[in-house]
Amino acid sequence: MSKELRRQVGRLLRQGPRVLPIVQAGDPVLRRVAEPYDGQLSDELFAELVEAMRLTMHDAPGVGLAAPQIGLGLALAVAEDEGSAGDDGEDDDPRERTALPFRVLVNPRYEVVGEQRVPFFEGCLSVDGYQAVVARPHRVRLHWADAAGRAQVEELSGWPARIVQHETDHLNGVLYLDHADLRTLSSNENLAAADDED
Ligand code: ZN
């Protein structure tokens, strides 16, 4: 598998780090449990892969991207969100969309902390054009290794907790639709129109 993985990454990065195509629901790679990363790639190739994922996430644009979304069954994700606070630092967004600085998540896993679950609309770059309400744990304890391979643990809540749950779920072959309230499924256009009526 490692050799195949290296070949695959080599193919993706043939022209250097760049924006890559995002695979859509129905591609089996999104339904497989990703292979843990334990140094299958050279440091240089790993760094280029992370850079390509960062570029692809920003281009989409999105706040997270998991390796299966570029067709790689590898337990690796990137995440970054500038948050919703305005220039005055005020934020009345009920999603608690606080800033999440850029992170490389290698082999992430999370534990739910507390009982609180919060329902919000959520979307996915691999289910392009739609959103649905998912009730998720408000707080999780995330365990991962960073780009330098150092083990990290952190408790996150609000929107950052939702982002890391969503990306970690991807590495287990889970899409947000699996635990969404499907009666809320809405195109982005219809959701924007409904928001405008408020
Ligand atoms: Zn997604």
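Backbone N, Cα and C define each Cβ position, glycine as well.
The DSSP secondary structure for E167 (active site) is helix. Sequence annotations record features per position, and here TrEMBL assigns active site to E167.
Marked as Fe cation binding site by TrEMBL: C124, H166, H170.
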List, in sequence order, the residues of the same chain other than C124, H166, H170 whose Cβ lies within 8 Å of the centroid of the Cβ atoms of the recorded Fe cation site. G64, A66, Q69, L125, S126, E167, D169, V174, L175, Y176
C124 (Fe cation binding site) versus E167 (active site) - Cα distance in angstrom: 10
Long-range same-chain neighbours of C124 (Fe cation binding site), Cβ under 8 Å, sequence gap at least 6? A25, H166, L175, Y176, L177
Just jot down the residues in the same chain as H170 (Fe cation binding site), at least 6 apart in sequence, with C-beta under 8 A of its C-beta; none if empty. L30, A34, A66, P68, Q69, A77, S126
